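So the structure is just underneath, and the comments pick up after that.
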Amino acid sequence: MSVKLSKTTDVPIEDAIDQTGFGPYSLLYVVMTGLSIIAFACVTYSSTYTVPTSACELSTTIAQQGIIVAAPIVGLMLGAPFWGYLGDTRGRRSTLILSLLTTAVLNLVTSISVNWVMLLIFQFVATMASSGQFMLAMSLLSESVPLAKRNLAVLMVTSMFLLAQGIMAMIALAIIPLSYSFYLPALGIYWNSWRTLQAVYSTPSILMAIGFYFMTESPKFFLARGDEKKALETLRIIHRRNLWRKKEEFEVKSLLKNSKKEQETQRQSAKDQIVPLFKTPILKCTIIMTALQLLEGVGSMQIWFPTIANKFMQLLDTGASMDITVCEVLNTGVNAAPDPDVVPCSLNSTAMLIVLASGALQSAINAVVTLVVNKVGRRNIVIGVTAFCGVCGILVNLVPNTIASAVLYVAFLQGYLVVGLYTAISVAIFPTHLRALAIALTQSGGRVGTIASIQILNYLRDVNCEAGFYIFAALFACSAIVAAFLPDDRRLIKEKLAENTK
């Protein structure tokens, strides 16, 4: 229910967005955003499932596997600033559609890789093309729904994102066991289940590109460019679609224009867009958000989760002793392999169900967070989650019981829900004309950490697995201290609402 306006001219953009309401169209936007981020995950993290299952055909070693898994993260880091700049200067929606289509085509090419080098290169390029989708979709959503519902919308999308790996696991479970193999003489390869899986992972990107063609651009983006007419037109469309059964007129006649300085910013070069992020007062926020992303090592553990779950189930199937930790499970699994240089070429079905269950648990916890986020605050939830999950990660290899150690490991993985909270915080603290680029740059910090941690974990998995858990869990727990320096987002929202009512 929107608040009655005291005037209909020179209305602040936040008040105007509030007048559009939060109805069917806004909910559709939430679903579309969530699905687009699942499409992003299907391309970005496809190597989690295709690398082990393609190992026999492509003859990849454990070292090569680590390189292939890390390559997409490098692509995300290098491509994100480019897409962020395009989103801030050319529009969130059009840039998102371009990214989705480009990603789908490149990922399809990946499915016909003739060797592991081609797989590496095209996964790298495909993820570079997809690197802007998360922050573009989140920026588009946050700038199209009322301020009072923004936390809810972003966290609802995060719940869908947290299910992504489980959804990917179920798709893999349906396709990978298929035993067909068709020879393609032109390429000298066999078209089999892992190639089909790679191609299927492109489908969501194509569908979302079509879907966003029928959605609206961000009204804030148009106003930031000085195009009040298009901003009002977009607001009327959102209002009409949210109240499709009612004949209530959209009351706003004109918007309070941004300053000339803000409008000029939309047409600045990439250098002029980036520089303000490293000047006060925004510099503090840039440093803190980059540090938080850098310390978020749970994503690396999440990438290896299907492999760990697979080895866990293989060990249980042998009836081995249950008085061992997660790292001892991994070491036992590696030592039991016929050839330690070649990864297994199949995934245990129960292991894939465990991956799905973990994703469902993350999504459920995130749903609970959405109920309390406005009262507790995003910053405070981040502090609590990082501290608790970090401690669980440290304890994983201190408990000499397989089940208890696995439970602590899954509890550590629940810390991944802070990814959505980090995005919501970034949306709140960075200005509109710098938002997409700011999110992209700060996330690049996280990707640097992920690239390093994947390689370190890949090495330590056989050399000193316990050290990997201690290091990354402790760093994640330290995020609680860093987050404490952020402003209380509850106060920021109150200040924005107070400014808009003046």
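Note: Cβ is positioned from N, Cα and C throughout, glycine not excepted.
Per TrEMBL, the features are:
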type	residues	note
DOMAIN	27-491	domain 'Major facilitator superfamily (MFS) profile'
TRANSMEM	27-46	transmembrane segment
TRANSMEM	66-84	transmembrane segment
TRANSMEM	153-176	transmembrane segment
TRANSMEM	196-215	transmembrane segment
TRANSMEM	351-373	transmembrane segment
TRANSMEM	380-400	transmembrane segment
TRANSMEM	406-430	transmembrane segment
TRANSMEM	437-457	transmembrane segment
TRANSMEM	469-486	transmembrane segment
**Report entry** Among the ranges 27-46, 66-84, 351-373, 380-400, 437-457, the one whose Cβ pairs under 8 Å to the transmembrane segment (196-215) are most numerous
**Finding:** 27-46
Requested in this report: Report, as numbers and ranges, which residues of the same chain sit near the transmembrane segment (380-400): CB under 8 Å and 6 or more residues beyond its ends.
Outcome: 292, 298, 301, 323-327, 369, 372-373, 408-409, 411-415, 417-418, 421-422, 425, 465-466, 469-470, 472-480, 483-484, 486, 488
Query raised in the report: Taking the transmembrane segment (351-373) as the reference, which of 66-84, 153-176, 406-430, 437-457 gives the largest number of Cβ pairs under 8 angstroms?
Result: 153-176
Report task. Would you mind listing the long-range same-chain contacts of the transmembrane segment (406-430), meaning Cβ under 8 Å and 6+ residues beyond its ends? Result -> 134-135, 138-139, 142, 150-151, 154-155, 157-159, 161-162, 282, 285, 289, 292-293, 296, 298-299, 301-302, 305, 308, 312, 326, 329, 358, 361-362, 365-366, 369, 373, 378-379, 381-382, 385-386, 388-390, 392-393, 395-396, 399, 438-439, 442, 473, 476, 479, 486-487, 489, 492-493
